[in-house]
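Undergrad: Mind looking over this structure? Questions follow.
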Amino acid sequence: MESFILLFTNDKLLIFNFIIILLFIKSLSYIIPLIIAIAYLTLIERKIIGSIQKRKGPNIVGIFGLLQPIADGLKLLLKETSLPNSANIFIFIIAPILTFFLALCAWAIMPFNEINFYSNLNIGILYLLAISSLGVYGIIISGWASNSKYAFLGGLRSAAQIISYEVSIGLIIINVLLCSGTLNLKEIVLAQQNIWYIFPLFPLFLMFFISSLAETNRSPFDLPEAEAELVAGYNVEYSAMGFALFFLGEYTNIILISAVSTILFLAGWLPPFDIFLFNWIPNSIWFGFKTIIILVLFIWVRAAFPRYRYDQLIQLGWKIFLPLSLAWLMLTSGILLSYDGFPN
């Protein structure tokens, strides 16, 4: 028996293939639930917006419209992909794939509880910032490769918008890192066992949430795809699965930034009170519940607020959020140095 085991353990190629298969299965265990969550997030969004606007929302396909996301997915999957004659075909096809792939890569380090995560990086925050910075390239090259002035302007707007608000997001995150003393997402959550960072850093949470709206091109900052000005922006020439991949990438980033907000400010999977009833609830349920609250805020803002002008958007980022986040960074540093941590 031992010789039989050694025969296989010495076969490095077999071990390598086995590891690759395990990683593939583990990746699918993240990707498939995420795609299902995106599908039903669109249904919830349409229902909530319909309710705010005194409409019913989707209610024909299935009971209460529960099969509507499946119908929409099948429609996009079965439609013919139309390629513009004047487009750079290779880059045109690669752009939505790159956007969705980078959005998925960011989920590799997200901890849903103390033990359930794909990879526990000690520099998890830096990894997230790097991936979010790369995500804009898919949008830029899609606008350029489409050879359309509307798509190109949408890509330029998106690049300027994301770069503008990444600066303030980075400074806000530094405040959280100073308070927690770590770049590890799991340890940031555990550092909030005494107090959630949303309470001492509530103004920063508001700025982070508003900056997240701009970072994900969501209303009222959806200027890169403003229908009245740019038809549909950078994805105006896309149809079928190309459009679907951009759509999946956008909503993947929305769920991701909601999960990051939960980790940085709402103590991730930790219950609000240390009582038996709350401790009995699985940690992943708490994490999902808090993330859903942030997602509902995203949807409510889309339904309630009009779109900003582009100059107002840029001025908000550079003239208001950047100075405020810098000032709060100095304030946080001073308090932590004076009291050797948060004052009691």
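Cβ atoms are placed via backbone N, Cα and C, with glycine included.
Under the heading transmembrane segment, Swiss-Prot lists 18-38, 58-78, 89-109, 123-143, 159-179, 195-215, 228-248, 253-273, 281-301, 316-336, citing sequence analysis as support.
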Undergrad: Taking contact to mean 3 or more CB pairs closer than 8 A (sequence separation of 6 or more), are the transmembrane segment (89-109) and the transmembrane segment (18-38) in contact?
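TA: Result for the transmembrane segment (89-109) with the transmembrane segment (18-38) is yes.
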Undergrad: Using a threshold of three or more Cβ pairs below 8 Å, and leaving out pairs closer than 6 in sequence, do the transmembrane segment (58-78) and the transmembrane segment (195-215) count as in contact?
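TA: No, the transmembrane segment (195-215) does not contact the transmembrane segment (58-78).
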Undergrad: Ranking 18-38, 58-78, 253-273 by Cβ pairs under 8 Å to the transmembrane segment (123-143), which is first?
TA: 253-273
